[in-house]
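S.K.: My structure is below; once you've seen it, I'll send some questions.
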Amino acid sequence: MPNTVKKPKTSFNKLRWFLIILYFVINILMIFTFSDPNLQSVDYFLATAFIFVLAVLHGVDRYGKKNMLIFFLITWAVSFTFENLSIATGFPFGYYHYSPSLGMMTVPLIIIFAYFAVGYLSFALAHVLTGQYARKLQGKQVFLVPLIAAFIMVMWDLTIDPLSSTLQGMWVWTNPGAYFGVPVSNFFGWFLVVYIFFQIFALYLSRYDTINDKIRSKITSKPYWSEAALVYGITALGTILFIFFQYNYITIDMALITVFTMIFVALVALVNISNNPELDK
């Protein structure tokens, strides 16, 4: 009888990588639809759906269904509360309202899904940058990881808000501000809000997170963590490609800011992942 050698289980998830490729293609195709307002909304919904699904699939491997649901509920409750508060009172972002193109609700549901999806990616990258690949958050990391995640997520808002509001009118600022029409208070407000839901989730994980052998086998690999960095980078690419639709000082500046914030973070994360000896190939 010939010897049979079992092949080691691979952590390469074909479904997620297929969706990542599709997400990349969608961002490229958006170049050809920027000029049509109706297609812009379709693109925004489609891109958000893809990144949401990718975040869920990736997060379930690390935290499980229950904890990912809890993270979604935390992000929904915190972001929905502060979005409505700011629309009514101007705190913490400033006075604004959403365009009907995103839905008829005061705070469109797609905004909550975007908070969750990019929030999860930012949280995952914060783990990469602090070396918390397969570790339960403890000690100072319970506070450091949410803090870094908040910076990473605000980078995204720095790059998309002027394009989405000033140029596309998806939301309208009552009193346009100094940052390409966006009030500076918006970004401090964003940092506050996203830090709050990251911190709540981190405190929850510090008590209830468990990493068994099954979970560890999935998340101690370079392909797994590279997914989060690539999806975050592809999201940034969509902002850079906006210059093919409108070539003006706002789109050029947003592309530059994106390169030196989001793209930089994605590259640093990929380098850290590649050089980490604790992770399998």
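Here the Cβ of each residue, glycine as well, is placed from N, Cα and C on the backbone.
TrEMBL feature annotations, pasted as is:
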- 15-35: transmembrane segment (TRANSMEM)
- 41-57: transmembrane segment (TRANSMEM)
- 69-95: transmembrane segment (TRANSMEM)
- 107-130: transmembrane segment (TRANSMEM)
- 142-160: transmembrane segment (TRANSMEM)
- 180-204: transmembrane segment (TRANSMEM)
- 224-245: transmembrane segment (TRANSMEM)
- 251-273: transmembrane segment (TRANSMEM)
S.K.: Can you work out which residues elsewhere in the same chain, 6+ from the ends of the transmembrane segment (69-95), have a Cβ less than 8 Å from its Cβ atoms?
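M.R.: Long-range Cβ neighbours of the transmembrane segment (69-95): 59, 63, 106-107, 111-112, 115-116, 119-120, 173-175, 177, 183, 185-186, 188-190, 192-193, 196-197, 200-201, 204.
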S.K.: Report yes or no: does the transmembrane segment (142-160) come within contact of the transmembrane segment (41-57), defined as 3 or more CB pairs under 8 Å with a sequence separation of 6 or more?
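M.R.: Between the transmembrane segment (41-57) and the transmembrane segment (142-160), which are separate recorded stretches, there is no contact, as judged by 3 or more close Cβ pairs.
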S.K.: Near the transmembrane segment (180-204), which residues from the same chain, at least 6 beyond its ends, have a CB less than 8 A from one of its CBs?
M.R.: 67, 70-71, 74-75, 77-79, 82, 86, 91-94, 115, 119, 122-123, 126, 137, 142-143, 145-147, 149-151, 153-154, 157-158, 161-162, 165-166, 173, 250, 253-254
